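Here's a structure for you.
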């Protein structure tokens, strides 16, 4: 279950930045047994490879280029590391993003500038979602630095800093490794910074350095010691007292989980507080999967006007609400239309607490605050009792007539029936956001989507990466046709990796989410023979099964085949639906976002 997974450190041999329960520091253990490493292993390339394995990365997503080829040789030589070749750099970055969501950290390797600028969009998305991701670039020969030479793969100027300057805005640390003297320190600082900050980092390694032995790599390197962040004890006590007083005098308080629960590693602490206080518990849309949906007082997704039925009414009518790790942007606020008031809110961020309109308490870790608050709150189930009193179960979509064209709500009724704790759902940007949001996740079922950055095509690479990291899950990806056209190539990498994900390709002839915000001829796309495309990519190599579905009976048969006879295959199921068949939530959301986008300029 992801609420536990975001607190637990995935690899069994290290803590990936999480302090051990018994100690004051986090040791990322060394898996290299000999005290002295032979010369073939005492190289920069092997040191980097070992560091990746030590932090829990066992798969690196890569696209070869002449500046990184020698580095790739040394990564391949590391027994604990598998190199996964992708079709393009963008997908390699998306795959590292998906991998990090499951494993806790991910990595990709590309070549200088022409590869780096291609992967940049995926790194920006990982930055927006607070994912630790190691982006490694094979850089120019060390002898070329400080010269006026012009290199290929650049824009034709004797300036090697263009790529670095681009990455400075979307990474929390940048290391240019163009000599061996400080390579050890730069690499270790970059890797540890990614883990501490839970953000991507950039490492450029000159192409002539990976194979050269150096004394700093000749012995087993000192293991990482990541000192844990600590709360200010006096501030924590004051914040808990103020919050408890605020909440204990409320009549019908509620709790809402936000997406930064993941980066704060506070999922278990949030659950402890929910169990102790008795409040009704909701999640923001981008936090779906971070809270157990079978919790006895779970009331659904709070997303303003497009919330789960009866959830918004309970949250917005509460006289006090605690938001743990929220992100309020124009999408999550449905065009800034949430009916929330600051004076009723406690906002808990990973290292800061704000109560009502003040006071604010800094240097306080979310998990410490939530656990301490759980011991101070009076039990109050009023809000949940109100929800239970007014709640009416969801209706079911009308039965389809034989051969009636398939409706999207019928599709998701059947996807709901497929889900178990052995699955993970990947929801692509678009109407799948809204349809997947309504799925009720069984305990243990993973769930991921990219709401803050909202890059269409993200889910193809993310499905590849997540499935590679979580071998115990069968991924179910819901992808629109417009998004699929952006990144379709790396279905081939899924086949090479022998993955058995199920991809539902929802073909409605265009960019439906854009249609509902603002329509125009640019939202219509060329229709593809999607199953024919995947069959061509398959080319008889690996296990793959495709089918096209146009009515409910065909869908039932396809799901049965995918989950039984073809359970070991990558299954690609094209769903043909009407271009105007969308969730009601998208219609409402699109109208409100459109209104927010089209606000006239303020008078000057």
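Yeah, the Cβs are placed from backbone N, Cα and C, and that goes for glycine too.
Because the structure is a prediction, the values reported are computed rather than measured.
What TrEMBL records for this protein is below:
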type    : residues      : note
BINDING : 481, 508, 510 : Mg(2+) binding site
DOMAIN  : 43-152        : domain 'Thiamine pyrophosphate enzyme N-terminal TPP-binding'
DOMAIN  : 240-357       : domain 'Thiamine pyrophosphate enzyme central'
DOMAIN  : 450-574       : domain 'Thiamine pyrophosphate enzyme TPP-binding'
Please work out the number of neighbouring Cβ atoms within 10 Å of the Cβ of residue 481 (Mg(2+) binding site), leaving out its own Cβ.
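Around the Cβ of residue 481 (Mg(2+) binding site), 25 other Cβ atoms lie within 10 Å.
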So which other residues, same chain and not among 481, 508, 510, have a Cβ within 8 Å of the centroid of the Cβ atoms at the Mg(2+) site?
480, 482, 506, 507, 509, 511, 512, 525, 579
Work out, from DSSP, the number of helix, strand and coil residues along the domain 'Thiamine pyrophosphate enzyme N-terminal TPP-binding' (43-152).
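DSSP composition of the domain 'Thiamine pyrophosphate enzyme N-terminal TPP-binding' (43-152): 50 helix, 22 strand, 38 coil.
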What same-chain residues, at least 6 away in sequence, bring their CB to under 8 Å of the CB of residue 508 (Mg(2+) binding site)?
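Same-chain residues close to residue 508 (Mg(2+) binding site) (Cβ under 8 Å, separated by 6 or more) are 480, 481, 577, 578, 579, 581.
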Taking the Cβ of residue 510 (Mg(2+) binding site) as the centre, how many other Cβ atoms fall within a 10 Å radius?
20
Just to be sure I understand, if DSSP states are collapsed into helix, strand and coil, how many residues of the domain 'Thiamine pyrophosphate enzyme TPP-binding' (450-574) fall in each?
58 helix, 27 strand, 40 coil
Where DSSP helix means H, G or I and strand means E or B, what are the helix, strand and coil counts for the domain 'Thiamine pyrophosphate enzyme central' (240-357)?
40 helix, 25 strand, 53 coil
